[in-house]
Amino acid sequence: MIAISYSSSANLGPGYDILSMGHDAFYDEVEVLEDHSNEIKISGDGIPLDYKKNTAGLSASMILNDYGIKTGIKINIKKGIPAGLGLGSSGASAAAAVRAINKLFNLGMSHDEMVHYSMHGEIAACGSAHPDNVSSGIYGGITLVQSKNPVKIKKLKINLNFSILLVIPEFFMENKTMYARSLVPSKITMDEHIESTQRLSSLISGLITGDRDLVSYGMNDNIVERARIRMFPYYYDLKRRVIENNAISACISGAGPTVLILYDDKSDYNGILRSVDDVMRSYNIKYILKKSRIMEAYND
Ligand SMILES: Nc1ncnc2c1ncn2[C@@H]1O[C@H](COP(=O)(O)OP(=O)(O)O)[C@@H](O)[C@H]1O
Ligand SMILES: N[C@@H](CCOP(=O)(O)O)C(=O)O
């Protein structure tokens, strides 16, 4: 059985571990076959092949255990999403594997149940079962984590027209998200809480009502992005310059280093491209650009 899952940008500024946007920039394809060895075998390029260290393998082992499935499986992962760049690569393999296993063994899981098993797989990548990337990897679109335990996900009905530009630095850090999560403060002040809640509620409201200004205001974060800024020192300059060119907004994609830019027909697209190039050159960082759209939904 084969399933795919697309790249995603988690957090969207103030929605740390809450919001995620699936996009059609890249995808992983995962094939799951029954195997009579009673083991979980993994194949794939550039990823851990020990099932306990691979997000897809870890999700699979939890499902086999919980459902009492005695047979072994073979998981063939075709990586389309580059890993370690904030594009939800680790979560996508898990989400695609869970979707494939659900179909292969006819388990009839709900979407939230599939998110539950997929987020468990993220432990293999970063030591933490964060549910945001895998939520959009299972539901598609822009998702909101209402609750993690039990998993309850809401897919937002978006009424804002925009396109996506991803600025993807050429960079690799093993265990990047694990490190990035270690930088996040464990306590914040009441003023920070209030500002962050204003931003998050404005962002969600703007996306649903199609209010461009609310999205521009809301897609800002002074807690998690700021705590991680040493990982992407070009970010504030890049953001300022693309907003001068009337981008809707920009944020760090997941734990970075990729930057997600939202733009529309009011934006000066060529000006955005020029300013991205100026800033990235000034920091001496090579990058690629990827235009994409929201990945709206999966068929299963
Ligand atoms: N199936 C998988 N796909 C991608 N990365 C995986 C997978 N399984 C485990 N990993 C590990 O997860 C890490 C990448 O995940 P992470 O740091 O969260 O970045 P991202 O999810 O942004 O690509 C790498 O260290 C990689 O070895
Ligand atoms: N909410 C997580 C999202 C990590 O996304 P990734 O694509 O960088 O793995 C975080 O910010 O730690």
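For all residues, glycine too, the Cβ spot is worked out from N, Cα and C.
According to TrEMBL:
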- 61-141: domain 'GHMP kinase N-terminal' (DOMAIN)
- Pro82, Ala83, Gly84, Leu85, Gly86, Leu87, Gly88, Ser89, Ser90, Gly91, Ala92: ATP binding site (BINDING)
- 204-279: domain 'GHMP kinase C-terminal' (DOMAIN)
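Shown on the structure are the features that TrEMBL records.
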{"residue": "Pro82", "record": "ATP binding site", "Cβ neighbours (10 Å)": "18"}
{"residue": "Gly84", "record": "ATP binding site", "Cβ neighbours (10 Å)": "19"}
{"residue": "Gly86", "record": "ATP binding site", "Cβ neighbours (10 Å)": "30"}
{"residue": "Gly88", "record": "ATP binding site", "Cβ neighbours (10 Å)": "34"}
{"residue": "Ser90", "record": "ATP binding site", "Cβ neighbours (10 Å)": "28"}
{"residue": "Ala92", "record": "ATP binding site", "Cβ neighbours (10 Å)": "33"}
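What surrounds the ATP site, by Cβ distance within 8 Å of the Cβ centroid and not counting Pro82, Ala83, Gly84, Leu85, Gly86, Leu87, Gly88, Ser89, Ser90, Gly91, Ala92, is the set Ser7, Ile81, Asn133, Gly254 from the same chain. Selection of the binding-site residues Pro82, Gly86, Ser90, Ala92 by a Cβ distance under 6 Å from ligand 1 yields, in sequence order, Gly86, Ser90. For ligand 2, the binding-site residues lying close by, meaning a CB under 6 A from one of its atoms, are Gly86, Gly88; the full candidate list was Gly84, Gly86, Gly88.
Each residue in the domain 'GHMP kinase N-terminal' (61-141) gets a DSSP state, and the totals come to 46 helix, 7 strand, 28 coil.
Per-residue confidence over the domain 'GHMP kinase N-terminal' (61-141) averages out at a pLDDT of 97. The domain 'GHMP kinase C-terminal' (204-279): residue composition by secondary structure is 41 helix, 9 strand, 26 coil, according to DSSP.
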